[in-house]
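Down below is the structure, laid out as structure tokens.
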Amino acid sequence: MTDLQIDHGIDRKIDTSQMKVTSEVAIQITDMNKWFGAFHVLRDINMTVNRGERIVICGPSGSGKSTLIRCINRLEEHQAGQIIVDGTELTSDLKNIDKVRSEVGMVFQHFNLFPHLTILENCTLAPIWVRKVPKKEADEIAMHFLEKVKIPEQALKYPGQLSGGQQQRVAIARSLCMRPRIMLFDEPTSALDPEMIKEVLDTMIQLAEEGMTMICVTHEMGFAQAVANRVIFMDQGQIVEQNEPREFFNNPRSDRTKLFLSQILGH
Amino acid sequence: MSNIESHTIAYVRGTMIPEQDPPITETGAIKWLRENLFSGWFNTLLTILSLLIIWWSVAAIGPWLWNMVWNAGSLRECREILAGAEGACFAVINDRWHQLLFGFYPPALYWRPVLALILLFVALAPVLFPDLPRKLLWFSAVYPFVAYHLLWGGSVWLPIVALLGFVAGYVAWRLIHRMSPLASVFAAVIVPVLWWVILAAPLNSFLYSGLPWGLDFVRSDRFGGFLISLVIGITGISISLPLGILLALGRQSDMVFVKSVCVVFIEFIRGVPLITLLFTASLLLNYFLPPGTSFDLILRVIIMVTLFAAAYMAEVIRGGLAALPRGQYEAADALGLDYWKAQRLIIMPQALKISIPGIVNTFIGLFKDTTLVVFIGLLDPIGLSNAIRASTDWQGVYWELFIFIGLLFFVFCFGISRYSMYLERRLKTDHK
């Protein structure tokens, strides 16, 4: 099979020097099952994420990929199996949940910035109230990360005054202000206009280059090829196939994967 | 078509046209009149009709107001001064304004409610206008106790001991919060209640016997007029908002017991007329309370009015909560904020902002509903207007009293309404 030509819109050279997968386990999911009422959304999920991994999860809509990463910071509760994040098992114990949440950053499809707070306040809120960082220091941390996502000049505006791409970059900065060790991205570019997708992907690539452990649910196959060290394909609540990106795209093994890839890359 | 194309399309203007004034029908007052009053035969008809109605009203009320009499000892004197002409006898206000405002509060002590009112504005200022120094909020927190002592007087220790109940609740919350956040919430409620029920009265009398300080005691039945409306209205407003928030949150809670208590409470209160609750407060409560306990009537009414408004408030706020996208809760969760912090910092600021019109509606409704206490024998302004009419001097004065009372209520309600509009403008950050 010849190399698939993927228009990934990523025109920069990616610095892979810091992108190292270590043997330290960051997330361990064992035999995890979840139901929405009678509907079996996630079935026997087994997955180990090592520190430094950049994983892209793809699959048709309704395949449970968002639900899977939302289970990792307990936005969704799983009913069977085990999820251990950074050595902390997710149970109904609120302390554990808060501990995991403050160490796992999450970026949503619809940004979910707080519209009544300025960009700066959005970024300093959690450090001040959860981490008890003094306000001045929190402001400095926030400005540091806003510079990193290249919008420090917007700090005093409100989310409603920013474009979608800018809002999503603020959302990334807001998560980073909590100094997370793991970042979850739930379709971060799906709600964006095409010309804004690139600026958000650039920010995500930058994060990957710094060695962040990332799990992204995304349809940006260019990003997957350029940055991911592993692509997971899900369908009907199960992990159907996973592989390193080159093999995954050029040599998909299951028929479902082939069908899915031909649908999203075929046009 | 071909005609145009056959000619040359080149064109050069010889002279420039100078700017000209628009036609007279398109500017100034004439334009405004034409567009707003006479824009068609139907609107012209309506305009003429409206002018006629205004004219008739002025012709009917005008002379009555124009001839108003401010200085007279009784309605009979008024009529003598008017000598048969139509005219308002506002002399009744001049003669009895202090009763309409203070009821039968001892005139020598009028300075106390007046001072309480002035301090009320000082206490409200930092709550209403965030630009003022935050330290003033301490005064706002202490104000209810200061106001209580100013209005009722008695032992100075009573409000202080009551205030200490809140301190005790806070201390309990701090001590237990580390061990169990949920238990600390219950402790923060139970400890103050125990303090007030068991410890407060003996402690007060002990301190008062040692140090008998305090202003002269004024009994509740001396209260009346606008004073009583303000005391009930303002206490009701300031307690029903936090209570309504808690009820709205309780109604959304996952905890079955909390949820059902809130639902039953809200639905029960909303299903019963306020007047029924007021009668319950004034008559029935005595049967249920242990014999010998006398429970201040104004306090009972305040409790009922507050509970009534809180149930409505809860539903208004629930509307605001329902309008928030789920993503806001999820973002707050994902950042590691616990329930109360998420509510305080993320959810409530937005939900309350959305609910401002409904909240203010409830406030104004509550304030005006305070006039219903006349039915259980409290002398609010309406009750006093009856009492004033009962005197031989002012028998038959209706309009003048009601206009005065209406005006006072209007000033307060209009003030609340304007403030809420200012608040909505100030909180507008969505740039829609």
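Glycine too: its Cβ is placed from the backbone N, Cα and C atoms.
Because TrEMBL annotations are produced automatically, they should be read as predictions rather than curated entries.
Here TrEMBL flags B:226-420 as domain 'ABC transmembrane type-1'.
Annotation comment: TrEMBL describes B:41-66 (among others) as transmembrane segment.
The transmembrane segment annotation in TrEMBL covers B:109-129 (among others). A Cβ distance under 8 Å defines the sequence-distant neighbours of the transmembrane segment (B:109-129), meaning residues of its chain 6+ beyond its ends; these are 98, 102, 136-137, 139-140, 143, 146-147, 150-151, 153, 215-216, 218, 227, 230, 234, 419, 423.
Feature annotation from TrEMBL assigns transmembrane segment to B:157-176 (among others). Within its own chain, the transmembrane segment (B:157-176) has Cβ neighbours under 8 Å at 142, 145-146, 148-149, 183-185, 187-189, 191-192, 195-196, 199-200, 203-204, 207-208, 211, 213-214, counting only residues six or more beyond its boundaries.
Long-range contacts of the transmembrane segment (B:183-203) within the same chain, counting only residues at least 6 positions beyond its ends with a Cβ under 8 Å from a Cβ of the stretch, are 157-158, 161-162, 164-166, 168-177. According to TrEMBL, the transmembrane segment annotation covers B:183-203 (among others).
Residues annotated as transmembrane segment in TrEMBL: B:223-249 (among others). Sequence-distant contacts of the transmembrane segment (B:223-249) (same chain, at least 6 residues past either end, Cβ-Cβ under 8 Å): 99-105, 113, 117, 120, 144, 151, 262, 265-266, 298, 301-302, 305-307, 309-318, 321, 343, 348, 352, 359, 362-363, 366-367, 370-371, 373, 378-381, 383-384, 408-409, 412.
Look at TrEMBL and you will find B:261-285 (among others) tagged as transmembrane segment.
Annotated transmembrane segment per TrEMBL: B:297-317 (among others), in sequence order.
Beyond its flanks by at least six residues, the transmembrane segment (B:354-377) meets 228-229, 232-233, 236-237, 240-241, 244, 274-275, 278-279, 281-283, 297, 301, 305, 308-309, 312-313, 316-317, 319-320, 323-324, 383, 386, 409, 412-413, 416-417, 420, 423-424, 427 of its own chain at Cβ-Cβ distances under 8 Å. Positions annotated as transmembrane segment by TrEMBL: B:354-377 (among others).
If you look at the transmembrane segment (B:397-416), the same-chain residues 6 or more away from its ends with a CB under 8 A from one of its CBs are 75, 88-90, 92-93, 97, 100, 226, 229, 233, 360, 363-364, 367-368, 381-382, 385, 388-389. Annotation comment: TrEMBL describes B:397-416 (among others) as transmembrane segment.
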